[in-house]
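For reference, the structure discussed in these notes is given below.
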Amino acid sequence: MIVSISWRNVWRNKLRSFVIIMAITVGLVGGVFTVAVYNGMSEQKLRTAIDTQTAHLQIHARGFQKNKDIRLYIKQPENILSAIQEQQDVEGVATRLIATGMAATSTSNAGVQLNGIIPEQERRVSTIYQFVREGDYFESGKKNQILISSKTAKKLKLKLRSKVIITLQDINGQIVGAAFRVGGIFKTTHSLFDEGNVFVKKQDLERVLGAGSTINEIALRMKSIGQVEKLLQNFESKFDDQELDIQSWREIQPELAYINDATWQINFLILIIILLALAFGILNTMLMAIFERVKEIGVLMAVGMNRFKIFTMIVLETVFLSLTGAFVGLGVSALLVRKTNSSGINLSRFTEGLESWGLGNVIYPQLEAHFYLNIAAMVVVTALLSSIYPALKALKLNPVDAIHG
């Protein structure tokens with residue numbers, strides 16, 4: 001009986017109920033969509049970093065990451081590679097030779113990190129090949145081909161088949177130089193990465209450095225990001241006696257790990273702000289409803305309805321009103337997120353700023369299904385808390401005074 005009365009009371013003043021339902025709907029759509037966009041940006045930033053920069057796991061000689069000294073190479077890499085091959089969770093592995101140097105043309109120069117790679121291996125670990133805009137990804141088979149970013153090409157005034165001189169220290173600490181020809185130009189969604197990295201074949205870089213078959217970085221790609229920590233612990237114990245730095249993407253880019261871990265906290269904060277605003281709206285609406293029905297509540301008290309039932313009636317009215325708004329709001333939000341997740345949100349006018357953060361100019365909002373259930377539960381809690389004060393206000397009414405106005 002109380003339930004049906006409460007439901008009918010919600011629709012006694014249709015205009016007021018419609019206004020608060022629309023307020024809840026708009027608030028939830030705004031909050032949920034903001035969270036979805038932030039999740040999409042966070043996921044894209046993480047995926048781009050892993051796909052183009054860090055992989056899931058990297059192995060170096062101890063100290064190499066700090067100073068990039070070419071002489072700090074991995075000793076007996078065949079033992080490590082053999083152990084990696086035994087891991088079923090590993091999707092791909094790439095061996096690299098890393099060196100820092102200067103790229104120069106007749107008009108300009110720039111400091112770069114040379115990534116000596118084996119293209120066939122790299123395809124299974126990195127997606128750099130997917131970002132090649134001009135030329136090819138070492139498919140010509142020619143010696144001393146170099147893959148540079150469009151940003152570096154613009155800075156050095158280079159184009160396909162242009163010659164660039166690379167100067168660097170060899171394995172003995174001597175300054176050496178070599179001429180490379182631009183075989184491909186790439187552009188990722190991270191401008192800072194593009195600015196500092198070039199790619200050459202590992203065998204070409206070995207020849208320039210006089211390094212022989214040298215490896216100073218082994219990059220691993222897992223079948224699932226959730227398997228990284230398990231493999232990290234396994235390798236740390238397995239190769240404890242070797243002077244190696246074995247790092248996951250979290251350790252290589254701690255700021256990225258922080259952003260990823262803080263996502264749920266930021267989402268929660270956004271929703272709390274939205275729900276607090278809704279709580280005040282619901283509170284004011286229910287107080288107005290109580291003041292308009294003072295005589296009616298007085299009559300109910302006079303004919304014997306106890307205070308608990310009156311309290312329950314007002315609480316249920318608030319919950320019904322809030323749930324109706326939540327149902328509409330979450331429904332609209334789900335449709336909006338689904339639509340934009342497939343088509344994306346084009347932010348090309350902000351391309352430069354987005355690329356400095358490692359983001360593309362199209363964002364794909366995303367939310368997990370359980371998030372909507374969590375929001376519905378939070379709306380119910382908000383409604384319950386918002387209903388307490390109006391309900392207590394109603395209980396303080398004196399039946400005689402209420403009836404006689």
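Just so it is clear, glycine is given a Cβ too, placed from its N, Cα and C backbone atoms.
Listed features, source TrEMBL:
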DOMAIN    17-233  domain 'MacB-like periplasmic core'
TRANSMEM  17-38  transmembrane segment
TRANSMEM  268-290  transmembrane segment
DOMAIN    269-399  domain 'ABC3 transporter permease C-terminal'
TRANSMEM  310-337  transmembrane segment
TRANSMEM  371-392  transmembrane segment
- Message: How about long-range neighbours of the transmembrane segment (268-290): same chain, 6 or more residues beyond its ends, C-beta under 8 Å?
- Response: 9, 13, 16, 19-20, 23-24, 27-28, 30-32, 34-35, 38, 297, 314, 317-318, 321-322, 375, 378-379, 382-383, 385-387, 389-390, 393-394
- Over the domain 'ABC3 transporter permease C-terminal' (269-399), work out the mean pLDDT and round it to an integer. 85
- Item | Counts by DSSP class (helix H/G/I, strand E/B, coil) across the domain 'ABC3 transporter permease C-terminal' (269-399) | 107 helix, 4 strand, 20 coil
